[in-house]
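Novice: Attaching a single structure in structure tokens format; questions to follow.
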Ligand SMILES: CC(C)(COP(=O)(O)OP(=O)(O)OC[C@H]1O[C@@H](n2cnc3c(N)ncnc32)[C@H](O)[C@@H]1O)[C@@H](O)C(=O)NCCC(=O)NCCS
Ligand SMILES: Nc1ncnc2c1ncn2[C@@H]1O[C@H](COP(=O)(O)OP(=O)(O)OP(=O)(O)O)[C@@H](O)[C@H]1O
């Protein structure tokens with residue numbers, strides 16, 4: 001059985017930065033944002049269910065999901081976000097389980113599930129241990145505005161749909177705070193990787 005390590009935290013906190021360090025130390029990483037994209041490719045049963053609820057307005061001309069439009073709907077309206085999650089989470093979890101069963105059967109230091117909605121989706125139950133990355137809200141806002149080219153309102157809407165620090169920290173064995181320069185987070189992640197490798 002592969003060792004499964006959950007990696008979670010708020011948008012812009014620094015999960016990808018940490019998962020890149022863990023990858024460089026021999027851990028395999030499943031990026032659940034990318035899994036969510038895969039399960040909503042054109043023609044998939046998940047995308048069909050989403051259009052049944054949200055309408056075909058969420059599709060681009062080439063039948064792919066208009067992510068920006070869906071984001072503008074669900075991050076403004078908690079009820080719609082819950083509907084999206086009630087449809088998509090089961091597909092995401094099935095794909096994660098499939099990858100763990102088929103791809104990571106072999107030699108691995110561990111599989112990292114990089115998932116902003118690790119607890120909300122129930123994927124935390126697949127994990128042996130959990131790392132949270134936290135950072136002050138104003139830093140997260142600035143980071144995602146720059147990274148995703150979104151305005152203040154869109155950044156705040158996304159942030160507001162997530163939880164406060166304590167939600168993540170009290171459910172995690174390891175907490176990394178990313179309130180300094182990125183190199184500091186990388187150093188903390190390197191240290192944690194050492195610790196995880198020692199515990200193998
Ligand atoms: C709403 C969608 C279409 C917006 O797509 P978009 O390309 O604009 O953003 P992307 O997927 O890159 O997500 C960016 C960030 O938004 C945050 N976010 C995404 N989904 C959620 C959610 N359900 N609740 C809170 N925050 C979320 C995360 O921090 C994520 O890293 C997309 O985020 C989505 O399908 N979300 C539901 C699935 C999900 O929970 N994915 C997270 C992986 S488990
Ligand atoms: N300490 C830091 N100082 C400056 N920029 C940072 C720092 N940490 C991360 N960043 C940058 O902020 C952005 C968000 O970081 P990252 O992508 O690692 O967050 P995330 O937790 O994966 O976010 P999301 O859940 O939105 O995908 C990235 O562009 C990253 O390069």
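The backbone N, Cα and C atoms fix where each Cβ goes, glycine too.
Okay, these came from TrEMBL:
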type: BINDING; residues: 12, 13, 14, 15, 16, 17; note: ATP binding site
Novice: For residue 12 (ATP binding site), which residues of its chain lie six or more apart in sequence with Cβ-Cβ distance below 8 Å?
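Specialist: Residue 12 (ATP binding site) has long-range Cβ partners 135, 139, 140, 141, 143, 144, 147, 159.
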Novice: Report, as a single number, how many Cβ atoms besides its own are within 10 Å of the Cβ of residue 13 (ATP binding site).
Specialist: 28
Novice: Starting from the Cβ of residue 16 (ATP binding site), draw a 10 Å sphere and report how many other Cβ atoms land inside it.
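Specialist: Its Cβ shell of radius 10 Å holds 15 other Cβ atoms.
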Novice: What same-chain residues, at least 6 away in sequence, bring their CB to under 8 Å of the CB of residue 14 (ATP binding site)?
Specialist: 133, 135, 176, 178, 182, 185
Novice: Can you name every residue in this chain, apart from 12, 13, 14, 15, 16, 17, with its Cβ inside 8 Å of the center of the Cβ atoms of the recorded ATP site?
Specialist: 9, 18, 133, 135, 143, 178, 185
Novice: What are the non-local neighbours of residue 17 (ATP binding site), defined as same-chain residues 6+ apart in sequence with CB under 8 A from its CB?
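Specialist: The answer is 133, 178, 182, 185, 186, 189.
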Novice: For residue 15 (ATP binding site), just count the other CB atoms lying within 10 A of its CB, please.
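Specialist: 26, counting other Cβ atoms within 10 Å of residue 15 (ATP binding site).
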